[in-house]
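Report on the structure given below.
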Amino acid sequence: MGQPANRSVFLLAPNGSHAPDQGDSQERSEAWVVGMGIVMSLIVLAIVFGNVLVITAIARFERLQTVTNYFITSLACADLVMGLAVVPFGASHILMKMWTFGNFWCEFWTSIDVLCVTASIETLCVIAVDRYFAITSPFKYQSLLTKNKARVVILMVWIVSGLTSFLPIQMHWYRATHQEAINCYAKETCCDFFTNQAYAIASSIVSFYLPLVVMVFVYSRVFQVAQRQLQKIDRSEGRFHAQNLSQVEQDGRSGHGHRRSSKFCLKEHKALKTLGIIMGTFTLCWLPFFIVNIVHVIQDNLIPKEVYILLNWVGYVNSAFNPLIYCRSPDFRIAFQELLCLRRSSLKAYGNGYSNNSNSRSDYAGEHSGCHLGQEKDSELLCEDPPGTEDRQGTVPSDSVDSQGRNCSTNDSLL
């Protein structure tokens, strides 16, 4: 997001003015540059490697090409551009203690920075809304959000992000009017992101606070729905254990179906944990920076510049966390293993929808057993029965179980 008044550089190198030996000071300064260079290089590698792996997996394996994963691809693209075009130049700015790429690239680089941050955060918000509809309206979800609609939503996210970034920056609407900012704008080696209050507040609202409010509301609804589902399962378990033993013996599938339903609903715990990780990481990485971003334009001297830039980099690191958070599913893990040549041929791998043929294409195992990809519901939190088809004994609805007794109503593409 740029660096305001970066006269004292982020994570300052040791100051040798008080050291008795200038040679020792130089060595410490060089060691600092090398150490920070290694750390920043690792951050760049983590961002690029993780997001390239996500994009490649979704593009290569049909099993992963779901509506939700369209949004994951958009998120990974934003994070990948961040790792390729933003973080390396930011690292150079810090390590060299000056900007060496000229005024034009300074503003263009800043625009890309704001674009990627905004697109990444707003895509997270869209994913939250996607999960909300998948959980609250599972049997209408596929008609509510088709792949074409998902493409339109992604396009709108990038348009809004572009309007927030390139337009005001390239038109110089963001510029402050005090003398220090004017001097920086005119200097080729200065790329400190001085902004006026209107732009700082408006961009923070669009890029962070509004998506955060939406995410908090959506995920609170998700937790409410999940809690009701768990209560429903508890009630159905009580009815199940109250059944007459002879009735269970007459219908041997009843007990097996109930156990399958209960096991299926244990996925809620994993999904709730994932939602907590998503919210916690998102908030921890970006909330401190955007608070400081508002405070900084209101009271310039209150927040040290080093703190501002450090928090900005904590936000950058979020781009490396996203692949880990959103790719916890078995489908992604198997895809990653196959891409990295780490997967051994096994029945388990085939059972998860990946073949071991020469061209490494994925063959969804369900196609051979009546559980087609197109018939799946893109939700893993579901414990509800279709309207009007609820089993009084708490079993999985018959229309969601294939001929081999497997549940075909969900997919592990996200949670």
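Using the three backbone atoms N, Cα and C, a Cβ is placed for every residue, glycine included.
Quick look at what Swiss-Prot annotates:
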DISULFID  C106-C191  disulfide bond
DISULFID  C184-C190  disulfide bond
CARBOHYD  N6  N-linked glycosylation site
CARBOHYD  N15  N-linked glycosylation site
MOD_RES   Y141  phosphotyrosine
MOD_RES   P387  4-hydroxyproline
MOD_RES   P397  4-hydroxyproline
REGION    379-415  region 'Disordered'
MOTIF     412-415  motif 'PDZ-binding'
TOPO_DOM  59-71  topological domain 'Cytoplasmic'
TOPO_DOM  130-150  topological domain 'Cytoplasmic'
TOPO_DOM  221-274  topological domain 'Cytoplasmic'
TOPO_DOM  330-415  topological domain 'Cytoplasmic'
TRANSMEM  35-58  transmembrane segment
TRANSMEM  72-95  transmembrane segment
TRANSMEM  107-129  transmembrane segment
TRANSMEM  151-174  transmembrane segment
TRANSMEM  197-220  transmembrane segment
TRANSMEM  275-298  transmembrane segment
TRANSMEM  306-329  transmembrane segment
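Annotated features, which come from Swiss-Prot, shown on the structure.
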residue: C106; record: disulfide bond; DSSP class: helix
residue: Y141; record: phosphotyrosine; DSSP class: helix
residue: C184; record: disulfide bond; DSSP class: helix
residue: C190; record: disulfide bond; DSSP class: coil
Checklist entry - Could you state the CA-to-CA distance between C191 (disulfide bond) and Y141 (phosphotyrosine) to the nearest Å? => result 46
Checklist entry - Expressed to the nearest Å, what is the distance separating C190 (disulfide bond) and C106 (disulfide bond) at their Cα atoms? => result 8
Checklist outcome for this item: Lowest 10 Å Cβ neighbour count of the disulfide-bonded residues C106, C184, C190, C191 is held by C190
Checklist entry - Rounded to the nearest angstrom, how far is the Cα of Y141 (phosphotyrosine) from the Cα of C184 (disulfide bond)? => result 51
Next on the checklist: Please report, as numbers and ranges, the same-chain residues at least 6 past the borders of the transmembrane segment (35-58) whose CB is under 8 Å from any CB of it.
Outcome noted: 11, 64-65, 69, 72-73, 76-77, 79-80, 82-84, 87-88, 91, 94-95, 313, 316-317, 319-320, 322-324, 326-327, 332, 335-336, 339-340
Item to check | Between C106 (disulfide bond) and Y141 (phosphotyrosine): CA-CA distance (Å) | outcome: 44
Checklist entry - Any contact between the transmembrane segment (197-220) and the transmembrane segment (306-329), i.e. 3 or more CB pairs below 8 Å with pairs at least 6 residues apart? => result no
